[in-house]
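*Asks:* Pasting the relevant annotations from TrEMBL:
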type     : residues  : note
TRANSMEM : C:9-30    : transmembrane segment
DOMAIN   : C:55-427  : domain 'Ammonium transporter AmtB-like'
TRANSMEM : C:63-82   : transmembrane segment
TRANSMEM : C:94-114  : transmembrane segment
TRANSMEM : C:126-146 : transmembrane segment
TRANSMEM : C:153-172 : transmembrane segment
TRANSMEM : C:184-202 : transmembrane segment
TRANSMEM : C:214-233 : transmembrane segment
TRANSMEM : C:253-272 : transmembrane segment
TRANSMEM : C:309-326 : transmembrane segment
TRANSMEM : C:389-410 : transmembrane segment
Amino acid sequence: MAKNTNIRISLPAVCFVWQIAMIILFGVFVRYNEESDTRWIEHRRRKNISTNLENDFYYRYPSFQDVHVMIFVGFGFLMTFLKRYSFGGVGFNFLIAAFGIQWALLMQGWFHYLDDDGKIKIGVENLINADFCVAGCLIAYGACLGKVSPVQLMVLTLFGVTLFAVEEYIILELLHAKDPGGSMVIHTFGAYYGLTISWVLYRPMLSQSKHLQGSVYHSDVFAMIGTLFLWMYWPSFNSAIADHGDGQHRAVINTYLALAASVLTTFAISSISQKHGKLDMVHIQNATLAGGVAMGTASEFMITPYGSLIVGFCSSIISTFGYIFLTPFMEKTLKIQDTCGIHNLHAMPGVIGGIVGAITAASANKIKGKETIEAVANRTANIQGGYQAAGLFVAIAFGLVGGALVGGILKLPIWGDPADANCFDDEVYWEVPEDEDENMLSSHPNMNHARGMPDA
Amino acid sequence: MAKNTNIRISLPAVCFVWQIAMIILFGVFVRYNEESDTRWIEHRRRKNISTNLENDFYYRYPSFQDVHVMIFVGFGFLMTFLKRYSFGGVGFNFLIAAFGIQWALLMQGWFHYLDDDGKIKIGVENLINADFCVAGCLIAYGACLGKVSPVQLMVLTLFGVTLFAVEEYIILELLHAKDPGGSMVIHTFGAYYGLTISWVLYRPMLSQSKHLQGSVYHSDVFAMIGTLFLWMYWPSFNSAIADHGDGQHRAVINTYLALAASVLTTFAISSISQKHGKLDMVHIQNATLAGGVAMGTASEFMITPYGSLIVGFCSSIISTFGYIFLTPFMEKTLKIQDTCGIHNLHAMPGVIGGIVGAITAASANKIKGKETIEAVANRTANIQGGYQAAGLFVAIAFGLVGGALVGGILKLPIWGDPADANCFDDEVYWEVPEDEDENMLSSHPNMNHARGMPDA
Amino acid sequence: MAKNTNIRISLPAVCFVWQIAMIILFGVFVRYNEESDTRWIEHRRRKNISTNLENDFYYRYPSFQDVHVMIFVGFGFLMTFLKRYSFGGVGFNFLIAAFGIQWALLMQGWFHYLDDDGKIKIGVENLINADFCVAGCLIAYGACLGKVSPVQLMVLTLFGVTLFAVEEYIILELLHAKDPGGSMVIHTFGAYYGLTISWVLYRPMLSQSKHLQGSVYHSDVFAMIGTLFLWMYWPSFNSAIADHGDGQHRAVINTYLALAASVLTTFAISSISQKHGKLDMVHIQNATLAGGVAMGTASEFMITPYGSLIVGFCSSIISTFGYIFLTPFMEKTLKIQDTCGIHNLHAMPGVIGGIVGAITAASANKIKGKETIEAVANRTANIQGGYQAAGLFVAIAFGLVGGALVGGILKLPIWGDPADANCFDDEVYWEVPEDEDENMLSSHPNMNHARGMPDA
């Protein structure tokens, strides 16, 4: 059935209205914090700080830039794997991330960074947190890739960021759970949010666009750009807002090791599951990252290097098997169409990460991480473990309930989403250049002519 | 008309002569500065510095690497969008940037970093400035992409870097204008330099290579690599040589916000201008960056977060409309053929950036940025604003006059530039591998044979 | 002749067994070091360190991330240039690097970082060294690209890392040679290791897969991603483990300059060697990096800026001529099939780097680098020069002997390597998506139909 996918009014309207709203709200609420303001000089004097290097900027900026690359190139290129949806994959990721970080600065600001004068004071840590917040929505986009309009994505992001900020406030500020790399707050929430939306927006006739649902050779190589930048910079993701000093240092080591182990188990399961042991690019592009997801909560804990290897080892096995067995099952039986398989890459490893965090926290005094954990809220390790587990449930609940509500909104027939037969096709929302093949056929005579000339 | 595009003598000759000249000039003039020399130990002792971290290296190196990526991958891949000129786009960008940074170290060194002993003392700040200087020439290359020979590009770069160093000296040292991210010094100058050259080299019969002037699906995705690395690292660009501490910190926040706003307005204008609201990759690849350009002069000022959003908002509207209306008008009426649309991405946003800088400086005492501005040269804010505006005119003048002179030189029939029918074609200067399609046709029988064997 | 390339048992078995071995060995041996452990607080107190910034993490982490990108994206994408082996290029690079860094942490740990309590204490410097160690094996992979199975690569890496750790121990700890960027330890060793293996595994009938041995247009652009990230981040590679302060600072400057000179000479030689002066992508992708390789040993020395330019100038001339004359000669006469031309990019420039290091060290007192050199081991400069030269021979010897032994092991007919006719073909080990062309032919009717609908 044909649908009206004309977004010439709706997309510009949403972009303009929301951007102008951002400007007004920033005007009312957002100011530089003491470290990014010219008052830094007084601040230094008052705190008796001897050097500009003590500005948080120098602790966090390199990690921030790595996280920034993960959000825009990592997530963006990971979603270019479809043969005719690379523009939409990387382009819409760009759009909603750029909107989401602005809205996140406000939402997280109201909850975390409100100063006595009623202003949100921002610095580099806010930028990192805004990028983190947006990551949840980009994960959700992964489930809907190719099946929604950019207007729907803007709505998904508006509500996703809002829900994220509330959920994050409950988990980190009220429950005092720790989650520096966001296994629960980002990955679990984002994945269940996206999966529930995809479930609400179920398309029974999606097989009409089946011929566009795969990859081609080059699009798989493009996707590897995304995979590798995510994989390489994940240690920065899990350490970016960890404690200065040994906290950041340890978070990097733990994540580096978990990810290394993930690669080997992903290759192993991918090979064993296929005739002749041939490897599947879908697994390599995704499940190799499961260790980073699963290390998010415990990244700063004294989980030990071999503990990190075990986390990476197990999470990738589960993730790869998810791609092989669960994704088809979910589509057929549960009516959840999960384009990028975020259930395997974010939901399951995120839950594992939450559980690992809870266990590590609960057994902290036994493994010397005592100081780190107890510093949180004057709790015993066991109780902290319980609160960590509670945080996990909050994240899942927010994902499911929020996804159902937002899914309902997105089901309204006003957002310009594509017909089933037009899913996964950039033609719907983009001016696509004439095809390489067509071009070759039509222009070859000219080209040969031209090429023959220079030396004539 | 056929032209002689054989560069077998001229290109190697230019490369060798200029590289050997660099070696000799570096031998006479360039030494390590105190912080990159073994004398750093004495320097530390003398200045009573307690830690190696106070070495400027640790303040600037992460930003330097981000800028370096923008120059080589950012600019390089942004220019791969043409269907058959990706080698030339990324390859010649590589060549002229690598030459330009050497010549820039010398030129900027003579003007800024000459020591009492007649030597140029270099450290990480020089490397950043050299990368900045080269950016001006890469912008100019954007206007000429596909229509000039690599020898012409080497000449363009030699003179471009020379002009840049003089112009920069006048604006920053004589006028004491501020321009940490180079809206005026880099973007405005570079764009008018390139546009004037392109105007002098006008090709009336360029439509003969019209079939090569567009993109194909994959080349547009390649170009997004360039766009995203430019977009992500632009905060480093605008903060790399800002003041230690709050200066760098604030420059990052301002640029991050301006760029975020740019994305939304670009999508909005792109969609509203097309039938059915379809997005145009040319706009997404370019106009989303306008906020970074426009934030270059004022990046360090107390422009406030919402001020930055407004700058990004406005500059991208103008930039996108430029691509839609101005580029075709300039080509038809003004006889300026601007392959990459640098007028829209660099000239107009650069001028906006200069104006924003002048206004912000002039009103500095009102918005609390007083200390920052007045620190420059014991001036009142109003007067500083005037000097900022004067700087902008210097940049434009150098671009126009310099471009006319260099354009005249490049018009000489000795540089091996391509005929109109051979523009935008890598075949002219590169050994291009046999085509994918031709290859498929000829090799398929073999391939199928080979592929059938492993399991036989 | 058909071969059994089924790796459904062997690859998973190797991956699982080795990953489990890693977990056990890490459990027994590996712990956090004082700076990544919660004991950092005590360590600070004890050493009277006033700020967290003195944690080695902040000196090294940005460089580490750059090195990490070089290993996974740099080496990975450099090997995507073949028309139908991009999955294997970037994918197997990913696999063996992820395994290698784990094994390297152990091997290098046993030799360098063993604490009094029999534990290996790791921090960010170990992560960098592990990445370095793996680089040697990735270089070796370059010689064998397309001709070996992933199981063989895992074996190559297991032994390669082992040999590397021993060789590195002899050169750096016993001979007290300096080699911060690894011209000898990494590049020379890795290249001769790989070339010897390739010589042992000589395939006389490799021409059967000649039609797959070239590149296509897009695969050459992909490879440029690898080239540029290697080129841009090489200053971080050569400075990552250099001395804090001026050491790292100087290593960056030297490498930056050497690489800039390399680009110009590579373009010159490439153009002069071809009819009509057309440039060859193989040269641009590889020989432009020779300056970085050749600067590895002397990066920290007071070699002077013009000295660095000369090193880059010469090494790239030799490297480019190597691609033109030596590679075909080696294949025909010496029976060494070197897919990526590592002899030209790593072996020769590595040896040059070792020689440059020896000469610079020997003449150190004359050029003011005295303190740097003599600090090593209370030696005169001349003697240090001799030890540097000795280090070079150790690296070559380990490469040749180790390569011969490991080549012998890899020749056993149990590893699932491809038949000569199936080399350079991803079909053997990967599920390759249906071809773009085939897809176009079969799906066009549908696509046109689908595309026609949205506006109907």
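In case you wondered, yes, glycine gets a Cβ from its N, Cα and C as well.
Note that TrEMBL annotation is computational and uncurated.
For the listed features, I'd like the structural context: burial, neighbours, distances.
*Replies:* Remote same-chain residues near the transmembrane segment (C:9-30) are listed as 99, 102-103, 105-106, 109-110, 118-120, 122, 149-151, 154-155, 158, 414-416 (criterion: CB distance under 8 Å, separation of at least six residues from the stretch ends).
Among residues of the same chain six or more beyond the transmembrane segment (C:126-146), those with a C-beta under 8 A of the stretch's C-beta atoms are 33, 60, 63-64, 67-68, 70-71, 75, 78-79, 82, 85, 88-89, 92-93, 96-97, 100-102, 104-105, 107-109, 112-113, 120, 152-153, 156-157, 160-161, 164-165, 168, 182, 185-187, 189-191, 193-195, 197-198, 201, 209, 212-213, 240-241, 336-343, 345-346, 403, 423-425.
Outside the transmembrane segment (C:153-172) by six or more residues, the chain places 11, 14-15, 18, 92, 95-96, 99-100, 103-104, 107-108, 110-112, 133-134, 136-137, 140-141, 144, 178-179, 184-186, 189-190, 193, 197, 391, 394-395, 398, 402, 405-406, 409-410, 415 with a CB less than 8 A from a CB of the stretch.
Within its own chain, the transmembrane segment (C:253-272) is flanked in space by residues 181, 231, 234-235, 237-239, 278-280, 283-284, 287-292, 294-295, 298-301, 303, 305, 307-313, 315-317, 319-321, 324, which lie at least six positions past its ends and keep a Cβ under 8 Å from the stretch.
When Cβ-Cβ distances below 8 Å are used as the criterion, the transmembrane segment (C:389-410) is approached by residues 140, 148, 152, 155-156, 159-160, 163, 166-167, 170-171, 175, 177, 179, 184-185, 188-201, 350-351, 354-355, 358, 417 of the same chain, each at least six residues removed from its ends.
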*Asks:* I'd like to know the mean pLDDT over the domain 'Ammonium transporter AmtB-like' (C:55-427).
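*Replies:* Per the prediction, mean pLDDT sits at 94 for the domain 'Ammonium transporter AmtB-like' (C:55-427).
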